[in-house]
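Undergrad: From Swiss-Prot, here are the annotated features:
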{"type": "REGION", "residues": "1-231", "note": "region 'Pyrophosphorylase'"}
{"type": "BINDING", "residues": "10-13, LYS24, GLN74, 79-80, 102-104, GLY142, GLU156, ASN171, ASN229, ARG318, LYS336, TYR351, ASN362", "note": "UDP-N-acetyl-alpha-D-glucosamine binding site"}
{"type": "BINDING", "residues": "ASP104, ASN229", "note": "Mg(2+) binding site"}
{"type": "REGION", "residues": "232-252", "note": "region 'Linker'"}
{"type": "REGION", "residues": "253-451", "note": "region 'N-acetyltransferase'"}
{"type": "ACT_SITE", "residues": "HIS348", "note": "active site, proton acceptor"}
{"type": "BINDING", "residues": "ALA365, ASN371, TYR372, SER390, ALA408, ARG425", "note": "acetyl-CoA binding site"}
Amino acid sequence: MDSPLAIIVLAAGKGTRMKSDLHKVLHPIAGRPMLMHLMASAAELSPARQVVVAGHGREQLEKALGGSADIAVQDPQLGTAHAVQQAQGALSGFEGDVLILYGDVPFVRASTMRAMIERLHGADEPAAVVLGFAPADTLQYGRVIADDGRIVKMVEHKDASEAERACRVCNSGLMAVRSADLFGLLARVGNDNAQGEYYLPDVVNIAIADGRTCAVVVTDDADEVAGINSRGELAEAEGRWQQRRRAAAMADGASLIAPETVWFAWDTVLGRDVTIEPNVFFGPGVTVGDNVTIHAFSHLEGASLAQGVEVGPYARLRPGARLEEKVKVGNFVEVKNAVLHKGAKANHLTYLGDADVGAGANIGAGTITCNYDGYFKHRTVIGERAFIGSNSALIAPVRIGADAIVAAGSAVSRDVADGELRMVRAEQLVKPGWADRFHDAMKKKKAEKKS
């Protein structure tokens, strides 16, 4: 494809069925707004221009896009053809191909987009290329009546004859058109219909009436053009995405003990021979090395796990957690913005926040890095091979030296030197026989109350 490409994404709908203050196309699937799934696929075609047509929630879209696309505004919303017209200003001076997509149809593959553009440059030079699909139930969809891939006409279901309804190729709404043709055709679209709106498929019928060829490309996967208009459809889309990602993970060498209970993010990276037990959740930003085991009920986000790491069960890795080779983070351990160097262990009931844990260090059960003073975060540094006894509080900023030992139950607020033992406890009080006398006195008092 030598011709420059522009992408128009229609996202002006109110999304009323979502019943949400968040713009419909910004609802996440696998931890990523559905619009950004679509934009990422489109980016594989290296478009020269990108325009998102917004209406309701424009400010949210601008923030999410961060300047990566121009924003055109459709107000009022008068149909899909009218929406595309609003991009004309943003495409002023552009000469090339235009691909029209929908923000609530997020899983169109780059290969499908590419096939549409390639068909636009076919020998018969079609004026427009429509993406068709064959759903299991064609009842609600307009039909693409075609002969050998050339469109005869586009017809809405309610207007179709019985013979036309027998056609299984339906209109996805996606279209590829040359910029030289697009806006001239749009200007001729009327609104003589029950809704009084301007519909994009009419572009095809107008071009055909002019004697131009229009073509259809039919996807082999109806799910890729499934629209999302409600919370239920959002959940279904999430389920389909997760099912495919799980299958891909296992095909790439990961073992998922109960695949249907594992939830991945859009950018999860897994190495070879990774074992994932049931009910594990990956948020965005997780990279897992080879030969890692993640035990049941663990929650990971923004974390990197090197080769041979073992996590969980019931562990939580938060953003900034970095576990180097052979690290063990066990049950009910939380790690945030902390590095555990090679072979370090925190096996149970521990919080490590804003910490640097040296290679081979052992963190006992119940250890807490006290990293927040109510205003600022502070860092704890634990040296190589240090041993932190159970139920210890390390009050940051503090440094524990290499090979040092912190006795169980200590609250450490000053640095500990290399090889030092630090014990910070109140002196034990011993009173022989006191408990016996206490019990005797209480029993006597209880008996007196009953009498």
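Positions of Cβ are set from backbone N, Cα and C atoms, glycine also.
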Undergrad: In sequence order, which residues at least six apart in the same chain have a CB under 8 Å from the CB of GLY79 (UDP-N-acetyl-alpha-D-glucosamine binding site)?
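TA: Within the chain, GLY79 (UDP-N-acetyl-alpha-D-glucosamine binding site) has Cβ neighbours under 8 Å at ASN191, GLN195, GLU197, TYR198, TYR199, LEU200.
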Undergrad: Of all the binding-site residues given, namely ASN229, SER390, ALA408, ARG425, which is spatially nearest to ARG318 (UDP-N-acetyl-alpha-D-glucosamine binding site) at the Cα level?
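TA: Going through ASN229, SER390, ALA408, ARG425 one by one, the Cα closest to that of ARG318 (UDP-N-acetyl-alpha-D-glucosamine binding site) is SER390.
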Undergrad: Measuring C-alpha to C-alpha, could you say which of the binding-site residues LEU10, ASN362, ALA365 are within 10 Å of ASP104 (Mg(2+) binding site)?
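TA: Within 10 Å of ASP104 (Mg(2+) binding site): LEU10.
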Undergrad: Among ASP104, GLU156, the binding-site residues in question, whose Cβ has the most other Cβ atoms within 10 Å in this structure?
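TA: Of the binding-site residues ASP104, GLU156, the highest Cβ count within 10 Å belongs to ASP104.
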Undergrad: Measuring CB to CB from ALA365 (acetyl-CoA binding site), give everything in the same chain under 8 Å that is also at least six residues away in sequence.
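TA: The answer is ASN347, HIS348, LEU349, THR350, SER390, ASN391.
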Undergrad: Using only the residues recorded as binding acetyl-CoA (ALA365, ASN371, TYR372, SER390, ALA408, ARG425), report the maximum Cα-Cα distance in Å, whole number please.
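TA: Output for acetyl-CoA binders ALA365, ASN371, TYR372, SER390, ALA408, ARG425: max Cα distance 22 Å.
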Undergrad: Roughly where does the region 'Linker' (232-252) sit in mean pLDDT, to the nearest integer?
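TA: Average per-residue pLDDT within the region 'Linker' (232-252): 98.
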Undergrad: Return the single residue from the binding-site residues list (LEU10, ALA408) that has the minimum number of other CB atoms within 10 Å.
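TA: Taking LEU10, ALA408 as the binding-site residues, the minimal 10 Å Cβ count falls on ALA408.
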Undergrad: Could you measure between ARG425 (acetyl-CoA binding site) and ASN362 (UDP-N-acetyl-alpha-D-glucosamine binding site) for me? Cα positions, answer in whole angstrom.
TA: 20
Undergrad: Please list residues from the chain of ASN229 (Mg(2+) binding site) whose Cβ is under 8 angstroms from its Cβ, counting only those at least six apart in sequence.
TA: GLY15, ARG17, MET18, LYS24, ASP104
Undergrad: Indicate the candidate from ARG318, HIS348, ARG425 with the smallest number of other Cβ atoms within 10 Å of its Cβ, considering only these recorded positions.
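TA: Lowest Cβ count within 10 Å among the recorded positions (ARG318, HIS348, ARG425) is ARG425.
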Undergrad: So which one is it: of the binding-site residues GLY13, GLY103, which has the fewest other Cβ atoms within 10 Å?
TA: GLY13
Undergrad: If you skip the near sequence neighbours and keep only those at least six away, which residues in the chain come within under 8 angstroms of ASN362 (UDP-N-acetyl-alpha-D-glucosamine binding site), Cβ to Cβ?
TA: ALA344, LYS345, ALA386, PHE387, ILE388
Undergrad: Give me the long-range Cβ neighbours of ASN371 (acetyl-CoA binding site): same chain, 6+ apart, Cβ under 8 Å, in sequence order.
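TA: In sequence order, the residues whose Cβ lies under 8 Å from that of ASN371 (acetyl-CoA binding site) (at least 6 apart) are GLY353, ASP354, ALA355, LYS377, HIS378, ARG379, THR380, ALA396.
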